[in-house]
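The structure appears below as structure tokens.
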Amino acid sequence: MLQALLDSKDFLALTLAHPEQFDSEFSFRLGDHTQVEVWDTGVIVFEPAQNEGKDVVLSCGVHGNETAPIELCNGLIKQLLQQKIIAKQRTLFLIGNPLAINNGTRIIDENMNRLFSGEHSNPPGLVNPERVRAKKLEAYIDRFYTAVADGRQRIHYDLHTAMRASKHEKFAIYPYRPGRAFSGEQIMFLAASGVDTVLFHHEPTTTFSYFSSERYGADAFTIELGKVYPMGQNDMTRFIATHEMFMRLITAKPLELDAFDADKVNLYQVCRVINKHFDDFEFTFATDVENFRSFPKGFVLAREGGQEIKVEHEFESVVFPNAKVPIGNRTVICLIPAVNADVR
């Protein structure tokens, strides 16, 4: 495996050739500047000999059909392995769900991004590939962040693409973080990366980014980088700004960020999450409605169990509507403009 990676510099290809696990860990050096450690399939760490005090996690492929972030991360890994760029921050790349990537599907058995913060081991337990992998990914995050002294900035960008078109092509979800202000610097980093819209979540979740935020105090986000396309069919010119800012972050080049300005970004607050309680749950709007479509107060969003679910605020925007989820799961997130967010 080591020689195959040294020859090809293609970590994604190696991962997909061994989607369940690698037989053993291995490591090697790049020149005199970087120690590279491969912990498992889809798990590679770059440890600079001299680093600038940030511990960066870039994860992708938690959903196997969300290919643009996978190609973006593999491109950065390849540049690092080719020594075209040199890491100056400790960096962990995670390719989340290799089995689903090979399968060309979002999941194998279950939505992995609902299985973190220990949810993977709640009943029925570790019964499918996503649950097993989620537990391993948590362990790799823990190993990476706790291998060095506290006090360093921890960052985790969990990269996705959405199943539908969006009024705002690229957007990020800022996990619930009670007692901690939202970072204006991070929001402006996202804006410089082409991600000009941020949703502030209002409650704990079992997503990957919430896990890193809550457990390790990381500046963590779920980042949606556009729409789902098959591998190799993404227009990577749409990610030039994202690639550039991630490269600057990893190599400790000046980020040259603007000061936080709420007028330069679109900020939303999650006002509620609507879960499914009956099999007959259905939305009243078209199945292909774009993310961030806005509806007025009193509009009937959905019906289930003989009840109507209506818009409660003057206007509410919807993201991730999906009526075809199991009972108990989220069908849609409803948003209102964020006017009093604690951003510093």
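Note that Cβ sites are derived from N, Cα and C of the backbone, with glycine treated the same way.
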Check Swiss-Prot: it lists His63, Glu66 as binding Zn(2+). Then name which of His156, His160, His168 it lists for that same site. His160
Enumerate the residues of the same chain, His63, Glu66, His160 excluded, that satisfy the criterion Cβ within 8 A of the mean position of the Cβ atoms of the recorded Zn(2+) site; list them in sequence order. Cys60, Gly61, Val62, Gly64, Asn65, Pro69, Arg106, Asn113, Leu159, Thr161, Ala162, Val228
So if I draw a 10 Å sphere around the Cβ of Glu66 (Zn(2+) binding site), how many other Cβ atoms end up inside it? 26
CB within-chain contacts under 8 A for Glu224 (active site), separation at least 6: His160, Thr161, Ala162, Ser166, Lys170, Phe171, Ala172, Ile173
Name the secondary structure element type, per DSSP in three states, that contains His63 (Zn(2+) binding site). coil
For His63 (Zn(2+) binding site), which residues of its chain lie six or more apart in sequence with Cβ-Cβ distance below 8 Å? Gly96, Asn97, Ala100, Arg106, Ile107, Asn111, Met112, Asn113, His160
